[in-house]
Amino acid sequence: MRSTGWWKNTDDFSSGQHEEEDDDEDFIGDSEVEELFQLQVPAGLGEGQQRVFIVHPDVKWGSRKQHLTTAELMMAEAVGLVNTLDNWRVVDKIILSTKTPEKKRIFGKGNFQSLTEKIRQTAGISAVFVNVERLSPLSEREFEEAWGVKVFDRYSVVLHIFRCNARTKEAKLQISLAEIPLLRSRLKNEMANLDQQGGGSRYIGGSGETLIEVQQRLLKEREMKIRSALEKLRRKRHLLRSQRKHKEFPIVSVLGYTNCGKTTLIKALTGDSGLQPRNQLFATLDVTVHAGQLPSHMTVLYVDTIGFLSQLPHQLIDSFSATLEDIKHSDLLVHVRDISHPETVNQKVNVLSVLKNMQIPDRLMSSMIEVHNKIDLIDNYQCPEPNTLAISALEQRGLDELRKAVEAEIVNSTGKHILDLTVDLSTPQLSWLYKEATVQDVQVNADEGSAVVKVIISAAAYGRYNKVFRPGAK
């Protein structure tokens with residue numbers, strides 16, 4: 001969710017490239033990023049095949065009980081996460097009730113014992129995926145000792161999906177930063193094992209540091225190096241954002257739950273053949289920008305954002321906050337919902353909750369367009385909610401209405417004006433308007449050598465127009 005140089009080049013928005021310029025002091029070499037990215041891959045999350053047993057703790061009451069979903073749907077999402085990875089497959093799965101999710105073993109003694117027996121009797125298991133946000137280092141160690149295989153939580157599985165999909169420098173750095181908590185957990189487990197063996201306090205040479213202290217220091221140094229590199233890229237993105245604002249391209253951020261159809265929609269709105277939507281979770285990790293035209297021929301930039309997911313740990317969201325930061329600087333948000341999904345209401349609540357936590361400006365929240373996508377999967381779908389649009393991005397149904405709605409909100413939010421201007425055709429007025437504004441219509445009066453031009457123009461551009469061609473106008 002939240003959901004991953006994440007912009008396409010401003011000079012060629014249809015090229016499918018990300019915005020990365022490496023000619024200034026903020027240059028970060030590919031080799032430097034790759035070294036950080038590959039330096040310490042969390043144990044058990046390599047390229048090898050995994051045969052996974054999924055355990056979903058069904059909390060019966062208390063603050064951790066899920067009220068907007070069911071255990072079956074949460075299990076289905078866990079299965080979807082595993083199936084997203086090429087070399088992973090689900091061997092077996094179980095939903096198990098618990099009244100003590102905060103305990104080290106999560107389950108009561110009886111349930112834990114029967115679960116352990118089931119896992120040990122299931123042939124070919126190489127890992128267990130416990131479907132909770134984060135397991136404590138203590139719980140992880142306890143489970144691995146009891147079950148004899150690697151144990152993952154949602155944080156580690158989602159992060160591995162991110163790692164497999166990362167392409168750009170910033171994506172790789174964000175993931176490297178998000179992996180630090182996993183590496184710290186592993187270190188705590190190693191420390192506990194060494195202490196048990198009586199070796200936890202061994203010193204390295206004459207440094208006065210124990211092995212664990214050296215590893216902790218190296219991890220801290222790595223974290224600082226990643227944060228420094230990300231800050232350089234953040235400054236670069238701020239510069240690129242300023243350039244986009246200067247060119248006055250309105251920015252429309254398309255967001256929603258992962259696999260809701262954002263990329264398919266943007267491809268349909270822009271005709272960008274370079275976009276290849278995939279039916280899997282987190283297929284889009286790097287944020288990209290694609291140019292499209294509205295009915296008035298105004299160019300807007302559609303931002304394809306990383307997908308949201310329920311129960312995504314805050315530490316993971318924080319690592320990607322710089323990526324999602326660009327949403328705040330949009331002119332309009334379009335919230336895409338997979339209306340065919342059984343959890344579509346819960347997904348909407350989850351997305352709005354994340355946006356609230358991100359402190360998205362009220363003006364963007366109040367003007368946000370909600371789109372109900374994938375109506376081709378529902379017979380005779382009718383929007384039950386007012387001020388929403390029903391579409392099928394795949395079949396390109398309802399897109400004209402969406403473009404009109406986007407245009408109306410953009411004109412309103414950006415303060416652009418729709419004007420009829422009389423221009424002298426013997427001057428550069430008309431060519432200037434084509435360059436600096438959106439020309440919708442030109443009615444030529446050949447006898448007078450003039451034309452009435454209907455334009456959509458920003459207040460700033462209109463001010464420049466008057467200064468150049470109508471110096472006496474107010």
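Note that Cβ sites are derived from N, Cα and C of the backbone, with glycine treated the same way.
TrEMBL: automatically predicted annotations, no manual curation.
Here TrEMBL flags 1-24 as region 'Disordered'.
What TrEMBL records for 1-16 is compositional bias 'Polar residues'.
Positions annotated as domain 'Hflx-type G' by TrEMBL: 250-414.
The feature GTP binding site is assigned by TrEMBL to 256-263, 282-286, 304-307, 373-376, 392-394. Counting every protein chain shown, 23 other Cβ atoms lie within 10 Å of the Cβ of Lys374 (GTP binding site).
All protein chains shown were included, and the count of other CB atoms within 10 Å of the CB of Thr263 (Mg(2+) binding site) stands at 23. Residues annotated as Mg(2+) binding site in TrEMBL: Thr263, Thr284.
In this structure the alpha carbons, written CA, of Thr263 (Mg(2+) binding site) and Ile306 (GTP binding site) are 10 Å apart. Long-range Cβ contacts of Ser392 (GTP binding site) within its own chain (separation 6+, distance under 8 Å): Asn373, Lys374, Ile375, Asp376, Gly398.
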